[in-house]
Every structure is written in structure tokens, then in C-alpha cells.
Ligand SMILES: Nc1ncnc2c1ncn2[C@@H]1O[C@H](COP(=O)(O)OP(=O)(O)O)[C@@H](O)[C@H]1O
Ligand SMILES: O=P(O)(O)OC[C@H](O)CO
């Protein structure tokens, strides 16, 4: 067997599981390992992870994927890391132990801190300098909460004994045995503490949130070498950690959306639609976020992002709460039994609506029911809701960026569903392009890692390695499309401002 380093490992640390995937130099998956870990809900609306469990699960997948494939550390050119974004860990730099569970991106406990920031008149400042809206989603207020609520934390932080990290930073620290405390631009841009104009930590926001700068990691390019990890014990070897990016930006890179005007939609638990806007920072007028992404040379680019909270999660609800299906795959079968939803709309505003509405008071609505409405119609309405929400974001994005997209690249678990993909093409009047490798997030991290150590030369070479598995061409009359979409907008308006 050749010992040439012709493989890269992507560590994909997600909200519900940790994965390790080995890609070869043709960008083909050679093996993978996955471990789920616990979700901790201490109170309504609070979500935590045990950062030590995350580390253990990620380390285990790394060991397992090497054992499964028989690939030796010497054959690994580099390891890339991609991660659930915003989730916040603070640990003691001497002991390497977290001072508290990680506060997860979904956690709403800091809503009050956000209200105070808004009352201080910081909304415009935050939008202009971080590209974000003031929201509990991002790391900044989570850090403040930990410093204010964990006994002794603030004093320790002021003595320089604590470190903050998003999950990438935590994993790099652990993998390098405490030698490297760093993050990348894409993850930094989700903290609400990072100035996306100057590419520096923002002193005004650090002061407003009372966060000592000594807590913060060094910020590096996504395609830099971050450090080295010893793989395979004393018989093994050192491998570079080269390539770090937040999962949605990694997926954008994995789809090779590295130029202005290229967009992808990831259909996972939620849907995350990102468009690369190149060196141009677009300030959204329609409720989207401005965030950092990665350009063709690994340089910092800007992107617009629309986050939809309920994507594939609607399908889990049909399965787990309504018992209408046994598995997510069943939805395509039942939905295909009917031509349309018979006028039924499902607005999945279970936790309010994200982009472009940002209405925390909206609630789920099943509307348009008539005596003939049956299970198949409701299942179809659930699938269509994923596509309608994506169209909402897509329309906002095209208006903000002043472009008309000719194609939308897709990935994520739910894009396996052909009915959903065809309806997305129809309702958005756009060509939907599904790649052969659906693990685009991991592929993006692998690409960054391989490029950083010279296993691949440039993105033009990478473009030759990826292929389209299937494309879905729009095939709906304009009048029908607009009538359906108007129905959706009417249904959305009925779901809004329901509570509070
Ligand atoms: N064939 C399918 N049709 C519709 N939804 C699906 C299908 N397969 C998976 N899903 C949904 O996709 C989600 C899983 O996708 P994945 O990319 O693994 O998400 P995440 O990374 O957010 O955990 C689940 O919410 C599931 O309900
Ligand atoms: O772990 P995922 O795939 O649910 O992604 C989470 C996002 O990064 C949150 O912003």
C-alpha cells in the first residue's frame, strides 16, 4: 500500500452528533464514523451540551474511522474541522475543564441581555459592525451569561485563567493538547463580538457585554494551518489541523460557491441559505444576516445568510408527534400520491419564524382544511412548507444582492427527497442542483484542509472532482406558481403575532 498522504479527514461536529469522514484525493468518501451525544434541557427554552462529551465523541469518531478504513496516520495529509456555530464553551486553561456546560446556539436564556443591549441603542451598531441582529442565537450574550452566573468565573476571567471558544476552538485546543487557542473568521463572525469591517474583535461590544479580551482566541483564515495532532499513539505520527470553518460556510465552500452571486441551501433540521457576495458587504434590507465566508483563494469573503428554524424538523414532527409517517423517507411516497395539497398549508412557526420575518410570536398553523383533506395532503403541505420558506429567503436574498440566480445548489439530509426538490424548483422558478456527495459540509472542511497542505492546488482543480447527481428543472406555469405562493403568504400572515 502506498504511504503517500492522499487522504484528508473532516471532523464535522454538529448539533446532535459528531462525525469523522475520510476523503481521498478524488474527493470520494472512503469511510466515516458517527457518534450522537446528549442534549441537555435544564429549563424551557434552554439547551446545553457537555463539552467533554462532545470532545470524547469527536475523538472516538477519529479513532474509529482510521480503524475501520485501515488508513494509517502517515497517509493523512491533514485534518479539517467544521462545526455547529455559535455554541459557547468557556474552560480553565490550566485544567482544560469547562467551567459549565456549553450553551447551545438554540438556547434562548440570554433574551433579556439582548433586550438590554437593544435598549442601550446598540441595534444599528451591531448590524453595521457584526452583520447580525441582536439575538440570543449568537455567542456574545452567552459568554456574558456564563461570566455572570458561574461562581467565581468573572474573577478567574479577569485573572486571565479562562478561555472562550466556539466548538472549533474547543476541538483545536483539545487536539493540540492546549497549545493552540484559535478560531477562524467564519466562526468569529457568529459571536456578535467580531467586527466584520475591520476583521478584529470589537472593543465597543466587548465593553458593552463586559467581556475581557484575554478570553478570546486568535482569529485565523479558514485555510490556515492551526496546529498538529498526534494520531495513532507513539506508533503513529503528527498530522496538521489545516482548515476550520463554521458548518454553513463549510457547506458553501464544499459546493464551491466561492464567487459572488453563488448560493446554496442546506436542508437539515433547519434550512440555511447562504449566498457568497465576494468582497462586497451587503447590508440586508429584508431580514437577512451578513456573515463571513470563504473566497476562491481561501480569503475572507462576505455572504448573506437566511436561517429557517424548521426544515427537516417538520418531518420529524410528522413522524414523532403526529405519527403520520414511520420514517422521513416515507414523505416522498405519500406526497407523490396526490397532485397538490388540496388547498392545505402548514406554516411551521413552532418556535416563531426566522428569516425574513423574525417573528418570535408566530406559531404553527395548519390552514385551508376542507372535508376532502387527507393525510397525504398534510404530508405534502409539510414538504412544501420547507420549499416555501426557502423561497421566502431566496426572494429576499436576490433583492438584497440585486441578482437573479439561475441555479440553487442544495445539500443536507432532506434534499434526498425528490418531491421536495422538484417543488423547490417549481415554486422558486430556479434550477435546483443536487451534488453526488451530499456530505457537503464535511467536504468543505476536507477541501480547506487539502488545499492548505498542497494536496490540491486550487478550487479549479476541485471543480473537476465534484459532479451533479441530479438537477430539477422548474416546470410550473407562472400563474399557478404565483397563486400557490400568494396562498402561502396568506397562511403566514395568519400565523404571525399569535402569542405575546
Ligand atoms: N427523505 C427525506 N425527506 C424529508 N426530510 C428528510 C428526509 N431524510 C431526512 N430528512 C430530514 O432531514 C433532517 C436530517 O438532515 P441532516 O442534514 O442530517 O440534519 P442536521 O445536520 O441538521 O442534523 C431531519 O430533520 C429529517 O427529518
Ligand atoms: O449542527 P447543524 O447542522 O444543525 O448547524 C447548526 C448551525 O451552524 C447553527 O447556526
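Glycine is no exception: its Cβ is also placed from the backbone N, Cα and C atoms.
Any TrEMBL annotation is an automated prediction that lacks curation.
So that you can see what the record holds, here are the features copied from TrEMBL:
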type	residues	note
BINDING	15, 85, 86, 137, 247	sn-glycerol 3-phosphate binding site
BINDING	15, 16, 17, 269, 312, 316, 413	ATP binding site
BINDING	15, 19, 269, 312, 413, 417	ADP binding site
BINDING	85, 86, 137, 247, 248	glycerol binding site
DOMAIN	7-254	domain 'Carbohydrate kinase FGGY N-terminal'
DOMAIN	264-452	domain 'Carbohydrate kinase FGGY C-terminal'
**OP:** Would you count the other C-beta atoms found within 10 angstroms of the C-beta of residue 137 (sn-glycerol 3-phosphate binding site) for me?
**Re:** 23
**OP:** For the recorded ATP site, enumerate neighbouring residues of the same chain (Cβ within 8 Å of the Cβ centroid of 15, 16, 17, 269, 312, 316, 413, site residues themselves excluded), in sequence order.
**Re:** 14, 268, 313
Original post:
17, 248, 316, 417: which of these binding-site residues put a Cβ within less than 6 Å of any ligand 1 atom?
Top reply: 316, 417
Original post:
Cβ within 8 Å of the glycerol site's Cβ centroid: which residues qualify beyond 85, 86, 137, 247, 248?
Top reply: 84, 87, 105, 190, 246, 272
**OP:** Please name which of the binding-site residues listed here, 17, 248, 269, 312, 316, is nearest in space to residue 86 (sn-glycerol 3-phosphate binding site), Cα against Cα.
**Re:** 248
Original post:
Given the binding-site residues 15, 16, 248, 269, 417, which one's Cβ is surrounded by the fewest other Cβ atoms within 10 Å?
Top reply: 16
Original post:
What is the nearest of the binding-site residues 247, 248, 417 to residue 16 (ATP binding site), using the Cα of each?
Top reply: 247
Original post:
Do you know which of the binding-site residues 86, 247 has the most other C-beta atoms within 10 angstroms of its C-beta?
Top reply: 247
Subject >> Same chain, 6+ residues apart, C-beta under 8 Å of the C-beta of residue 85 (sn-glycerol 3-phosphate binding site), given in sequence order >> reply: 105, 166, 186, 187, 190, 246, 247, 248
Original post:
Looking only at Cβ atoms, how many others are within 10 Å of the one on residue 17 (ATP binding site)?
Top reply: 15
**OP:** Select, from 15, 137, 247, each of the binding-site residues with a Cβ positioned under 6 A from at least one atom of ligand 2; if none does, say none.
**Re:** 15, 247
